[in-house]
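Shown next, in structure tokens, is the structure this report addresses.
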Amino acid sequence: MTANVTVVDHPLVQVKLTQMRSKETASPDFRRLLKEISLLLAYEVTRDLVLTEREVETPVERAMCPVLRDLEPCFISILRAGNGILDGMMDLLPSARVGHVGLYRDPETLEAVEYYYKVPTDISDREVIVVDPMLATGHTAVFAINRLKKDGAKNIKFLCLLAAPEGLEEFRKGHPDVPVFTASIDQKLNEHGYIVPGLGDAGDRIYGTK
Ligand code: URA
């Protein structure tokens, strides 16, 4: 079921995640922890960026040193909670490009509907890392990636904080070619579509809207 999933089980990630799960953790700490975890997740998700070499003159001598071979990746944030992950990612890769996809769920059809879409024009030439803290039903992520593929994105990864098994299965069916990186695969979804044990509504907890 989870062939294409990497769980980043680094102790620092796991300890920070525990703090984020606690309902006692208020928004400012929640945001800080999300930023810190995002940095650590970004480190893993970019592990296979391809390097080449360039000559650099150090104070001592000329040396061939590693540099990125390709254009910097493009991060795509699924609004609004995805923005909570962007901060840490951008600290690590300040010249990465950023796009945003805004979707809501139609209350009648329960289908995802796009209300905002702005991505760099050259996403077909970049590695694309789509970020959203919660992979719950998987519908939003599958929809967003369908849209990005239509625009030419080929080399895509998906990064989240928590994934539900149901969401991973839906995602695998929709995009078996897209690897998923997460800090945890939780137990299940509840009847309201929340991840269990989860951490509640990520957007509300990031922005204090509850
Ligand atoms: N979105 C959230 O913010 N939390 C969940 O548990 C599921 C979806």
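A Cβ is built for glycine as well, from the same backbone N, Cα and C atoms used for every other residue.
So that you can see what the record holds, here are the features copied from TrEMBL:
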DOMAIN    7-209  domain 'Phosphoribosyltransferase'
BINDING   ARG80, ARG105, ASP132, PRO133, MET134, LEU135, ALA136, THR137, GLY138, HIS139, THR140, ASP201  5-phospho-alpha-D-ribose 1-diphosphate binding site
BINDING   ILE195, GLY200, ASP201, ALA202  uracil binding site
Mean pLDDT across the domain 'Phosphoribosyltransferase' (7-209) comes out at 95
Sequence-ordered binding-site residues within 10 Å (Cα) of ALA136 (5-phospho-alpha-D-ribose 1-diphosphate binding site), taken from ILE195, GLY200, ASP201, ALA202, are ILE195
Binding-site residues considered: ALA136, ILE195, GLY200; fewest surrounding Cβ atoms within 10 Å belongs to GLY200
Cβ-Cβ distance under 8 Å, sequence separation of 6 or more, same chain as ASP201 (uracil binding site); the residues meeting this, in order, are TYR194, LYS210
In all the protein chains shown, the tally of other Cβ atoms within 10 Å of the Cβ of GLY138 (5-phospho-alpha-D-ribose 1-diphosphate binding site) is 23
Excluding its own, the Cβ atoms lying within 10 Å of the Cβ of ARG80 (5-phospho-alpha-D-ribose 1-diphosphate binding site) add up to 16
Within the same chain, the residues at least 6 apart in sequence whose Cβ is under 8 angstroms from that of THR140 (5-phospho-alpha-D-ribose 1-diphosphate binding site) are ILE78, LEU103, ARG105, ALA112, ASP132
MET134 (5-phospho-alpha-D-ribose 1-diphosphate binding site) and ILE195 (uracil binding site), compared by Cα position, are separated in whole Å by 8
Cβ density check for ASP132 (5-phospho-alpha-D-ribose 1-diphosphate binding site), other Cβ within 10 Å (all protein chains) comes to 26
Nearest to ARG80 (5-phospho-alpha-D-ribose 1-diphosphate binding site) by C-alpha distance, among the binding-site residues ILE195, GLY200, ALA202, is ALA202
Taking every pair from ARG80, ARG105, ASP132, PRO133, MET134, LEU135, ALA136, THR137, GLY138, HIS139, THR140, ASP201, which the record gives as binding 5-phospho-alpha-D-ribose 1-diphosphate, the longest CA to CA distance in angstrom is 17
